[in-house]
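Novice: Heads up, here are the entries from TrEMBL:
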type: TRANSMEM; residues: B:20-42; note: transmembrane segment
type: DOMAIN; residues: B:152-386; note: domain 'ABC-2 type transporter transmembrane'
type: TRANSMEM; residues: B:184-208; note: transmembrane segment
type: TRANSMEM; residues: B:229-257; note: transmembrane segment
type: TRANSMEM; residues: B:277-300; note: transmembrane segment
type: TRANSMEM; residues: B:312-333; note: transmembrane segment
type: TRANSMEM; residues: B:371-389; note: transmembrane segment
Amino acid sequence: MAVTAKGLVKRFGDRRVVDGVDIAVPKGMIYGVLGPNGAGKTTSLRIVLGIIEPDGGERSVLGNPRPREVSDQVGYLPEERGLYPGMKTVQAIAFMGALRGLDWKTGRKRAVELMEAAGLGHATDQKIRKLSKGMAQLVQLLGSVVHQPDLLVLDEPFSGLDPVNQERLEKLILAERDRGATILFSTHVMAHAERLCDRLTIIAGGKVRFEGTVADARATLPFKAHYVPHFPNDGLPALLPADALREGDGWRFTLPDEGIEALLIKLIEAGYGISGLSIERPSLHDVFVRIVGRDALEQGERTETAA
Amino acid sequence: MSNLARLTRQTFTIARRDFVATVFTPTFLLFLLAPLMMLAFGTVGGMGAATMAKSGGDKVRIVVLAEGERARTLAATDARLRRIYRERERPPVLIAEKPAGDVAKQARALFDSKAIEASAVLYGPLEKPQILYGPQGDRSADYLAQLAEQGLQVEKIGSTQALSEPTRIAIARSGTTAGGQGQAAFFTVFGLFMVSLLLAGQVVGTMAEERSNKVIEILAAAVPLESVFFGKLIGMFGVALLFLTFWGTVVLNIGAFLPVKLATALGDVGVAVGMPLFVLLFFAYFVMAYMLLGAVFLGIGAQASTQRELQMMSLPITIFQVAMFGFASAAAASPDSWVATAAELFPFSSPFAMAARAANSSELWRHGAALAWQALWVVLTVTIAARLFRRGVLQSGSPRLFRRRRAAVDIPVS
């Protein structure tokens, strides 16, 4: 395992921000930590990295119970981005490498290579303060991988990036995984998690609510059908499953256990016809909303607003 | 790589960043030339004050109401007596006024004259002279009394010629005097105070940069906070060394052009341990003073979250430095007193007081012990500052140090 955490607890005042979180990240995987705002994702990651000490539980990073002792093998992109504005990009990347044990000369050489590969070759001599927010964020990410870490921890890496830079970042994460690194990242944007994660955990209210693969997560919800009748009239809902909800010209309902065929025959025989029909696999977003619950989402948003 | 080697490498990575970020900026040039500006402003202010004093002093006179041979005798005696004084200490110019009518009334009227500003006036027989003096004229009155005494002796001898013909031989001492060592001790404390005032205070705001840029999270994840703190101290110490090297070179070169008289006057000023060792000790105590005060300032400054808070902290920080200077100066003035012992033991005044001791006393064992004691306090101060920072700013208590008190001191999440 690249990362294991058992029963992590962290209190701020009388609030348990992390409440018995378990995480197990196998080596070589992209592992997502999902959760609404204020769920305890960042605090959990900071505990794993040894930036803050837990009030309870234990953790191990790359087999070492003291994360700081293996910090040279770890890369980290924090939620709040931070770079020295007066530094040039190559120096900034080399500096982050030097903090993790990479010599400055190699750091500068790799920084240029990484920037060119990430499409930032034109900005190697620019100062950080001259970069756009997205570019600065990419530079910081490059700084977290310049020393070729075994474990890369990214806290909300996609926030604030435009779609082009989001795609660049996704490619970079995949390239790191292909290099052999383990990637642990937090997000509340499901699309990225769905595309990238080999495994994921969903945290809400400081507790783990789900752990498994994306497929496992989707399997927790049934398929949905979206049916649009050709000749609609008022008697239609009586033929549809009880959870059917009107959506525009059509109806959305859970796919019956015995399949859709029998229902379709009934609808055709009743004269409604079929103008459109789609069978939809549940998305990670659906799973997330069901697991976390709307209440928890709202509570998270309230907490964030208060903070 | 051993833990110590890793810590050292991380510390110097931070130090290097801070050094480069400070030195390779136009602002550093201003910082480097700050003493020149201080000197320039001081000179301009001094010249203004001197001009004012001179314009006021030009009209001041001491007056004798005498005429004829007596007036000439007193003038000759005045010329001889005046040579004893240094230029700035000489009494006001002497003038003789011819006595007319009521001399007491005449003497009193001189104080209301617009033509001159009488500081003191002598009249009457030299055996029993009357001397009037105005505000701040008491020394002039003393001088006139002495002038009357000497003038009377000249009159009795009947000649203004000097009776004695001394031969003066300047002697250079082979060693330093106790007074000279005391002066050296004071200069040492003052010198250390000035450089630490100018340089150690620079570290106060250095953590603010990391906090405002959010870089602190990157640093805290990669290196222990103690390394961050030490790195910042060492980085800024490098800046301080650059500053000292520059100004040291300037001062040494200026020293070559000092007047010979001044160099001779400084001959008495010396240090008990000998100059080469004193230079080494001075440097060692400068390092310790810088590290100790810097660690305190860095720790305090790290708690500030805004520029306003940083500015508010500068006053107590300066007061603290001045207090250490006062404490160590008292120790330098009386090296064997309990004040000296206390100043040498109190960690934050110890470098100043021990540097003064190097000037006052030739005992060496104390310096080894003091340097070890001060180094211990540097480590302690940095460790405590880092823990306070970790707890207050990163909201992470150290389990070993704080866990028992957690319930009482937990900080609410922001």
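Heads up, the Cβ atoms here are built off N, Cα and C, so glycines get one too.
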Novice: Any residues 6+ beyond the ends of the transmembrane segment (B:312-333) with a Cβ under 8 Å from its own?
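Specialist: Apart from its flanks, the transmembrane segment (B:312-333) reaches 182, 185-186, 188-190, 192-193, 196-197, 200-201, 204, 293, 296-297, 300-301, 304, 339-340, 342-344, 346, 348-349, 352-353, 356-357, 359-360.
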Novice: Six or more residues beyond either end and a Cβ under 8 Å away: which residues meet both conditions relative to the transmembrane segment (B:184-208)?
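Specialist: Same-chain contacts beyond the ends: 18, 31, 34-35, 176, 216, 232-233, 235-236, 239-240, 243-244, 269-271, 282, 285-286, 289-290, 293-294, 297-298, 300-302, 304, 307, 310, 313-314, 317-318, 321, 324-325, 328-329, 331-333, 335, 351-353, 355-360, 389.
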Novice: Counting only residues 6 or more past its boundaries, what in the same chain has a CB within less than 8 Å of a CB in the transmembrane segment (B:20-42)?
Specialist: 198, 202, 235-236, 238-239, 242-243, 246-247
